[in-house]
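Following: one structure in structure tokens, then a few remarks.
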Amino acid sequence: MALIVLTDAKLAFGHVDLLANTAFSLESGERVGLIGRNGTGKSSLLKILAGIEKLDDGLLQFQQGLRISYVPQEPIFEAEESIFEAVSQGVALAKALREEYEALSVGDWDDVSQHRMDEVQSQLEALSGWNWEQRVYETLDRLHLEAELKINTLSGGTKKRVALARALVEMPDVLILDEPTNHLDLDSIAWLEELLKEYQGSVLLVTHDRAFLDNVCTQIVELDRGILRSYPGNFSAYEVLKDQELNSESLANARADKLLAQEEVWIRKGVEARRTRSVARIARLEGLRDSRAQRRDAMGQVKLAVSAGDRSGKIVADLQNVSKSYGRPIVQDFTATILRGDKVGLLGPNGAGKTTLLKLILGTIAPDSGTATMGTRIEVAYFDQMREGLDLNASLEDYISPGSEWIEINGNKKHVKSYLSDFLFSPERTNSPVSTLSGGERNRLLLARLFARPANVLVLDEPTNDLDIDTLDLLEQLLQEYKGTVFLVSHDRYFLDNVVTSIIANEGDGFWREYEGGYEDWKIQKARSDKIRTANGSMKSPEKSDAKSTAKSTAKLEPKSESKPVAAKSDVLKLNGKERQELEALPLQIEVLETEQAEIGIAMSSPDLYKNEPELAASMQARLSQITADLDIKLQRWEFLLSRSES
């Protein structure tokens with residue numbers, strides 16, 4: 001059943017058609033991801049479907065009594081209000097109606113007041129408004145929010161959760177979300193995914209988080225050149241269908257262009273040919289001309305190139321037992337060596353200290369203890385997620401190249417207008433102030449400035465916010481090919497997986513650990529480490545109880561929750577003594593092999609090794625292969641013994 005139907009929709013911004021006689025419908029229970037280039041009108045469309053803005057022309061129909069809640073990119077609250085007060089705005093009507101009912105019930109009675117009381121009662125029941133406070137508290141509990149906290153004390157991610165709570169207490173049939181993952185950390189994003197998958201109503205959202213689109217959406221709708229096109233399934237399914245569609249469209253356009261060229265030659269032939277012109281053929285030519293004129297060509301692509309700067313030393317940073325506290329431990333006893341060409345992702349919840357750790361690595365702050373040594377010939381360029389470096393009053397040209405019309409990229413001079421056009425800024429816009437740009441355009445401008453600066457170390461703090469998917473793909477490719485060192489803070493799981501070669505992850509209480517590989521590799525290694533740690537803990541506790549406990553003491557413990565370790569002990573006893581010893585020893589053996597594997601991997605990342613010491617390189621490669629084989633055997637054995645102990 002269609003809840004919202006859009007027909008022959010038209011919307012223009014200046015001379016640009018954002019919606020060109022297009023159509024859309026939202027069905028009950030659907031979770032739709034709306035995607036498209038920055039500036040195509042996605043946010044405007046969401047506001048239209050939410051009833052906030054109007055179409056220039058066309059028809060928008062809602063199912064009778066439909067309730068819609070809209071959560072904008074940047075929610076607005078009163079700074080001094082509490083979370084409870086902010087969320088209660090979502091039930092403002094129910095609150096007002098109940099107050100009116102209570103006032104009427106103690107006032108003078110007459111036919112008019114009785115009639116009004118009946119009306120108010122019906123409205124309250126329709127809104128489930130009698131217990132609105134309970135609904136607010138239940139929603140706050142579900143979203144892990146503290147009712148009394150003031151809005152002005154909250155992080156961006158928590159404010160996003162407050163806005164979502166405000167929308168959910170309305171009990172909407174349709175939930176409309178504009179960039180819901182912005183400002184959220186990875187745990188919060190995973191939590192939001194589960195919440196939306198369990199949500200009983202329909203969802204329409206705009207996001208550039210491809211993993212989020214994959215995990216949440218049942219349909220993808222693309223806004224492309226003013227037309228809305230629907231694709232069943234998640235984002236991965238859309239990519240397959242879109243590739244097929246683009247290939248077909250390209251072939252069809254090529255055939256039409258070839259036929260048009262042939263017909264134009266024919267119509268321009270001499271007098272004798274014109275005497276025999278077919279009326280039908282002339283009509284077909286006119287149709288081909290009209291079709292070509294109306295064709296909406298695909299938008300240009302961002303052209304990214306980075307000025308790599310001089311080659312840095314082999315070691316970019318060396319940290320040994322580094323610690324840093326600001327009232328609480330932010331970094332504790334962290335050791336790592338960052339080499340030229342490493343692409344490092346930093347993971348951790350908001351407030352964990354990713355920025356502090358970056359500053360320690362780059363030498364901008366000193367550790368409280370331990371040593372942090374910077375490498376030689378380091379040139380660092382920063383991408384700032386808060387856009388604090390933007391001068392809103394400067395023109396685009398002056399911001400990119402102050403005082404000059406030319407910039408130099410990798411030794412080649414380029415006019416600033418031409419350079420900005422690579423980032424999809426038209427020549428007529430380059431003299432406009434930065435303040436006129438949208439969020440996505442400001443991020444593109446920051447990237448343009450970043451890549452215009454010679455640098456052999458790039459620090460990217462949430463670079464994916466507000467970037468469209470096409471630009472993300474190109475940025476990924478650029479960073480993959482970049483010869484320098486990259487530090488990346490991002491909650492975009494696809495982006496991390498496609499760019500980084502190692503992860504430094506927060507493990508809690510100021511402890512950080514380095515993992516080889518991308519985001520999915522980190523998840524696998526983290527799960528394995530947690531499993532081994534849990535197994536170690538469960539193995540130790542039964543052994544301790546073994547020496548002290550008897551059947552009698554075990555019986556006494558049975559009614560209590562502490563009896564669970566005893567059950568684990570009896571399970572472990574299903575293994576014989578030799579197998580129990582083997583199971584206890586395997587985690588340490590695996591850890592030793594993984595450490596050696598990582599050390600050899602770091603040593604082999606040096607290109608000089610193969611050039612200067614080929615025999616050593618060959619022996620290291622052989623040892624690495626042996627370690628990999630040994631690890632596989634030990635992991636399989638450990639999992640086998642562990643499963644037997646738990647069966």
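Cβ atoms here come from the backbone N, Cα and C positions, even for glycine.
Unlike curated entries, TrEMBL annotations are predicted automatically.
What TrEMBL says about this one:
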DOMAIN    4-250  domain 'ABC transporter'
BINDING   GLY36, ARG37, ASN38, GLY39, THR40, GLY41, LYS42, SER43  ATP 1 binding site
DOMAIN    314-541  domain 'ABC transporter'
BINDING   GLY348, PRO349, ASN350, GLY351, ALA352, GLY353, LYS354, THR355  ATP 2 binding site
REGION    533-569  region 'Disordered'
COMPBIAS  541-563  compositional bias 'Basic and acidic residues'
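Everything TrEMBL records as a feature, shown here on the structure.
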{"residue": "GLY36", "record": "ATP 1 binding site", "DSSP (3 states)": "coil"}
{"residue": "GLY41", "record": "ATP 1 binding site", "DSSP (3 states)": "coil"}
{"residue": "ASN350", "record": "ATP 2 binding site", "DSSP (3 states)": "coil"}
{"residue": "THR355", "record": "ATP 2 binding site", "DSSP (3 states)": "helix"}
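Residues within less than 8 Å, Cβ to Cβ, of PRO349 (ATP 2 binding site) and separated from it by at least 6 positions along the same chain comprise ASP185, LEU186, ASP187, SER188, ASN506. For the ATP 1 site, the Cβ centre of GLY36, ARG37, ASN38, GLY39, THR40, GLY41, LYS42, SER43 serves as reference, and the other residues of the chain with Cβ at most 8 Å from it are LEU18, LEU223, GLY440, ASP468. The record gives GLY348, PRO349, ASN350, GLY351, ALA352, GLY353, LYS354, THR355 for ATP 2. Within 8 Å of the mean position of their Cβ atoms, the other Cβ atoms in that chain belong to ASP185, ASN506. Each of the binding-site residues GLY348, GLY351, GLY353 was scored by other CB atoms within 10 A of its CB, and the lowest score goes to GLY351. Each residue contributes its Cα atom, and for ASN38 (ATP 1 binding site) and LYS354 (ATP 2 binding site) those atoms are 28 Å apart. Of all the binding-site residues listed here (GLY348, ASN350, GLY351, ALA352, GLY353), ASN350 has the Cα closest to the Cα of LYS42 (ATP 1 binding site). Scoring each of the binding-site residues (GLY36, GLY39, GLY41) by how many neighbouring Cβ atoms lie within 10 Å, the top position goes to GLY36. Across the domain 'ABC transporter' (314-541), the model assigns an average pLDDT of 86. Listed binding-site residues near THR355 (ATP 2 binding site): none (candidates GLY36, ARG37, GLY39, THR40, GLY41, SER43; Cα-Cα distance within 10 Å).
The two recorded residues, ARG37 (ATP 1 binding site) and GLY348 (ATP 2 binding site), show a Cα separation of 29 Å. Cα of GLY348 (ATP 2 binding site) to Cα of GLY41 (ATP 1 binding site): a distance of 33 Å.
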